[in-house]
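Engineer: As annotated by TrEMBL, domain 'Response regulatory' applies to 8-120. For 58, the entry in TrEMBL reads 4-aspartylphosphate.
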């Protein structure tokens, strides 16, 4: 079970099988998936209409390497915490485009679970601790 079973998550992933697998994993972990988007326009629209607690964002979407633009748009809403999920962290800008951190692909269920528990703890004002293995935090400005 999760630290915050009511946490609402938007999945931004253009590879259908990965998106489905992640959606099932989130459900198994007790989270609510508010939507799945494969393009930047769809992701931004879904983010604005659902105000998710967390957005899991791939860097490269169906319309190109636009995940960074999605992160900037969604992180403008203080209610949404953006977490990148990517195999190519070199595409993440130095400021992380407002994202909180990154989960490296390929990821395991354990890494996703521990990263989301960490995010939930931080969102609820929990004391900072070391990030779990497989989850890298954005640099502090």
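Cβ atoms are placed via backbone N, Cα and C, with glycine included.
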Engineer: What does DSSP give as the helix, strand and coil breakdown of the domain 'Response regulatory' (8-120)?
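Structural biologist: The breakdown for the domain 'Response regulatory' (8-120) reads 51 helix, 27 strand, 35 coil.
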Engineer: As a test of the contact definition, list every same-chain residue at least 6 positions from the residue listed as '4-aspartylphosphate' whose Cβ is closer than 8 Å to its Cβ.
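Structural biologist: Listed in sequence order, they are 12, 13, 14, 15, 18, 67, 84, 85, 86.
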